[in-house]
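Worksheet for the structure shown next.
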């Protein structure tokens, strides 16, 4: 009896190491400042994390398929600037689909290069990071974009609205996570993504169309970026050209923190969501603690390392490596 | 682009023509990163317009695209072209010093514009033309204090600060000017906390959301520029607390100006990229004419609030 339940606990721990880490941080921060777990604060953190989170959902697909996407930051700047610019020119009802179409084109282009031409995804998306930045600057002429009539537009509903008291960005993030989580875990396409990332050659010989699978992953990633850009644009109704700069690394950090493997084949949407929330709550928790901000960079790093360590330790059932 | 290449070509022709244009000055400029934000874009346009309006001046307009190595190469090109003076908007205050020294040793006066280089390079600089960020911070403190006095809460007001990107001279100097001046004019106002917003509206909005959770009573927010100030305003509006808070920024952006016009944002510092560009060109001309130019040649950046905003045109950036 005892041994069985110990094994059960062990296997539960092994699967949910990152959840335990998350719970520990939440308890720690709440003890430090009681307002940390207030409804207002939780809403505000999840709402802020929604932009990063939506992007991380798409990147999870790309990473599981064994590739990288470093272009999502500048692609998000692009979507944000485009939708804000078109808002005043053709109205929000047309601007949103137009922006989605343009962003998906960028995703399709990357997917074509990585999937069909089999180019290295690091090189392709690193190049696209600056190419899309250049595209955004050319499009905007270097100017900030702002919606002229900020009070009179319904466009603000995606970033500032709420349904039954829950802010729209949170609803969009969570419902997209649920949808993509189902796609990844329950559909043939999801299984192909794992197969292609786990062992591409074996997948090809099993009759899986590898190129098409990778291509679709980049399309999903671009679609998520478009949603993120929509939330971002709607939240502040104006934007700098560099709004998404540097986000690609935060997104990747959240995905890896959630346990997806850079080697491909491993990862889930649920754990990516946890990774996103950990990053968001760390940032917010440190602000509420009021630590000197130069030191916050160090603490953020320490917490991330602790989380990764707890996750790994739970998987192998020991705090340190048995072969060290 | 066409304008820029025309200028380069015409400068090259002028150099070939030699004595024909002996009277005109050749001034080269290497900018930091045109196009990355509206300030720098407007700066370049204003610089070219000012140079065109002056018949005695020929310019070579270059842009480093934020890349230190490219800027150093551009400095060397300008030295090779034997321009009369070089204006540099440093991509990095430390790394460009050797190139500045090289120009100075070649007998070409160097004018630093907008953001100064590090102190160990000062010997090689003819003059610095730009805004005085410490004074800007101090003026923002005065705007905030005057507002509290008018409201009669200068004995108890509590404020927070959202500063620019950590490590940037402009961010450090504005915060310093603000923090030094505030206790002088309003000794009883408490600065509760400072956190960086990285010159980013979205980041600033997140910081302000955390402040609003943490502090039940906030009377004022000082932001290192209007972009961040408007981010903070958005957060306060979403929380329904904007009406109780005085927002003061710096570098008045169009969004800040509009928020002032709407009565939501109290004040800022008017820093025009057009003035910045014209001051840089004028400083270079004055140096070449042998006039006595102060080493730190600041252009004026006045206070702007809801009360006097009619005197200023809306910023184009």
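Quick reminder: no glycine exception, Cβ is built from N, Cα and C everywhere.
Nobody curates TrEMBL annotations by hand; they come from automatic prediction.
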Among ranges A:70-92, A:93-115, whichever one TrEMBL labels transmembrane segment: A:93-115
Dominant neighbour of the transmembrane segment (A:93-115) in A:44-63, A:162-185, A:213-231, A:286-310, by Cβ pairs under 8 Å: A:213-231
Per Cβ pairs under 8 Å, the stretch of A:44-63, A:162-185, A:213-231 packing most closely against the transmembrane segment (A:251-279): A:44-63
Candidates A:44-63, A:213-231, A:286-310; stretch with most C-beta pairs under 8 Å toward the transmembrane segment (A:162-185): A:44-63
Beyond the flanks of the transmembrane segment (A:213-231) by at least 6 residues, Cβ under 8 Å: 50-52, 54-55, 57-59, 61-62, 64-65, 67, 69, 72, 75-80, 82-83, 96, 99-100, 103-104, 106-108, 110-112, 114-116, 158-159, 168-169, 172, 176, 180, 189, 192-193, 196, 203, 244
